[in-house]
Each structure stands twice: as structure tokens, then as C-alpha cells.
């Protein structure tokens, strides 16, 4: 057996609720991390999740899973923040902001005190505003504070398009940008299947692709969370999978293009706000943001989305 010094690849998870526990489960199955630490105000809940996950280790990948404290964020390559108040039925993500910003004011400094060198990945809603708050509370370079953003909206969008046009969702190339929320923007002008813009693909393959059809697909994308919350109380499997994908891009230094939330600096005339655009992610965090060649109405929608987020940020008086 090798006696070489072992440097474990640790991922910390703050918040052991539905999203945090589902993310830890997905991360365990992925084999990406050798250590997963769960941190929660309810320590017994974190312990129970860790016990349950450890019992899966013999059937998955060698991984140490344990319940810890903020001090255990030390050495983590990524700390994923899922803690906060849950979205209630009928409540918008922006309604959550005051309560969760106060929680972040307590959490983020403790994480950074233990680990000033790692990356922060924010999943708590409203994710764009809270990613900005986390950046401010942390004092870290913005490249190392990332929000899950519209990775989930983009996945929903691609899934719904794939169902309409009868293809593998991984073969649909389309993005949702802006806020992860009601003002998000579909990039119809660049959406394509096999390099064919949707109107061309539809006409070539016998699909109906009129404005009503596209509006319906986007409405289903935008409102998906509300429909799921009405039925089961919360959403967690898909966002957890999105978080695993982001962590994979970081830990494996992939340079993957994902629709995540990052600090925008005079992007399309809007700055000092977090929102989502296709972003290249690697081991350092945000490598760069891709500036899309958007249609005029898409730029206007993105600017409107950014203004809404900026107003909310200003209301927090960070």
C-alpha cells in the first residue's frame, strides 16, 4: 500500500436540508470528492445525513462523509452554501431576500475565516442577490464567489425543448440568462439543435415552431419551480445535480461553459450586479464570461432583469 502523503479533496456543504443533502448524495455518487463535510445549525440533522450517506459508500466511491463545524471548511476546494429560509408557496425568490441576507451575514464570515483560499458556490435563493451579498461579506475576489444562477433554468429550458422536438436534451443548445427568477430571459436568437436555429430545424423536420409554441415553452420553464412547490413543497434534485456539475467543472479544471451567476462589470451596459450568462469555469472559479451576440429585445430583457436585481441589492444596504 502506498505511503505517499494524501491530500484529500474536500467539499464543504453549509445547509443539510433538501438541497444540501441531495447535493451531497449526488457528489458522493460522482466520486469527485474524497471528503464531504456537512454543516448545519441543526447538527443532529447533519449527523443523520452523514450517517445515511456513509452507508452508501461501500456501494459507491470511497468517500469520508461527516458532520462538522465551520472550522471544517478549512482546506475545502469549494464550499457550497444551501442554508437559508425555503421559498414558500406563492412566494417569489426576491421576497426571501431580507431573511436570507441576514443568515448570510452570519454564515459567510465564518466560512472565510476558516478557509480564505477556497471557492464559494451559492445556491440559496434569491441566488443572484445572495451571491452578491456573499461576495461583499466574504471579501474574496469575485471570481471565487459563484452563484448557481440559471443553470437549472437552462436545464429546464433544454428539457422542455427536447420534449417538444423529440431529441436528447443534451443535444439542445439554448440558454436562459439574467436573474434566476421571474425576470429571466430566454435566448431564442441563438437556440439551436445540431447547429440549426430553431425555426430552420422546425421547418426542416416538420415541427410547429410558432410564437405561441415558444411562449408556452418559456412560460413552463420560468414557472416550473412554482408548479413543483405546489405539488411537493420544494425543488432539490435538479438543482443538486446542477451544483454537482459546477463542482465537477471546478475540481477537474474543465473550462466548462455553464450558465452561472457571477459579478458583471459593465456587461451590456449594466455593472455591479450578479446575474447569469454563459461562463467559463475552471479551478480558479470564473475564468471569463461569454458575451453573447444577443438580439435587441434580449438585451433589453437582460437590462431589465439586471435593474430589478440591482434595486433589490440596493434595498439591502450592504
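Note: Cβ is positioned from N, Cα and C throughout, glycine not excepted.
The structure displayed is predicted, hence computed values, not measured ones.
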If TrEMBL gives 15, 16, 17, 18, 19, 20, 40, 45, 70, 123, 124, 125, 148 as binding NAD(+), which of 54, 100, 115, 117 does it give for that site as well?
100
Could you measure the widest C-alpha to C-alpha distance across 15, 16, 17, 18, 19, 20, 40, 45, 70, 100, 123, 124, 125, 148, the residues recorded as binding NAD(+), and give it to a whole number of angstrom?
24
What whole-number Å value do you get for the CA-CA distance of residue 125 (NAD(+) binding site) and residue 226 (phosphotyrosine)?
14
Distance, residue 155 (substrate binding site) to residue 70 (NAD(+) binding site) (CA atoms, angstrom):
32
Shortest C-alpha distance to residue 127 (substrate binding site) - which of the recorded positions 15, 40, 158, 173, 180:
180
Using DSSP and three states only, what is residue 173 (beta-D-fructose 1,6-bisphosphate binding site)?
strand
